[in-house]
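A short worksheet on the structure shown next.
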Amino acid sequence: MPAGIIVRAQAKGWLETELVVDWLKVVWGRRRGGLRKRRNMLVLDAFRGHLTEPVKKQVKAMNGDLVIIPGGMTSQLQVLDVVVNKPFKYHLRKRYTEWLLAGNHALTPSGKIQKPAVRWLCEWILHAWADVSPESIVNRFKKCCISNAMDGSEDDVLWEEAEPGDAQPEKVSDESDDSESGPSDAEDAAQ
């Protein structure tokens, strides 16, 4: 694997508590300030795998507070959904398309193009992530009212118009490929 990529898998392809705890230890724990266990806040959606005792214990052990976005509010309050996913997927698809158009691919016995090597996918992911502007992420944390100044001076940012080049939330249809988890407990309760 290229440096900067961590790959985990689950037999059924489903996000479960064990993978969330692993992510907390391997990724969240290594972020800036994570190794020193500086006080932190982790904002997650209401997926039931985020609400389990092992996840809560791990966040607490890392000196963190777990903040759960209520069901139905992810598209407005989850920074990944609001600003990161659309440009990230755009850049990832762009690299995949360039790979397809480059031609000269190995074929399967049935004559279809073989899937790209995992190494290539990982490199495309690294590059697509690098193409997402850190400034846009910081601005969207404020726009989602997650990291605004405590003195109230940034409270009106929620109502400001989007800046040019600031990604807008991706419209999600019922056929969206963004869902990697089942319905949350909050969504189950609403049904």
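Here the Cβ of each residue, glycine as well, is placed from N, Cα and C on the backbone.
Automated prediction, rather than curation, is the source of TrEMBL annotations.
Annotated domain 'DDE-1' per TrEMBL: 8-141, in sequence order.
If you look up TrEMBL, you'll see 155-164 (among others) marked as compositional bias 'Acidic residues'.
Here TrEMBL flags 155-191 as region 'Disordered'.
According to TrEMBL, the feature compositional bias 'Acidic residues' maps to 175-191 (among others).
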Task: For the domain 'DDE-1' (8-141), jot down how many residues DSSP puts in helix, in strand and in coil.
output: 74 helix, 14 strand, 46 coil
Statement: Mean pLDDT across the domain 'DDE-1' (8-141) comes out at 89
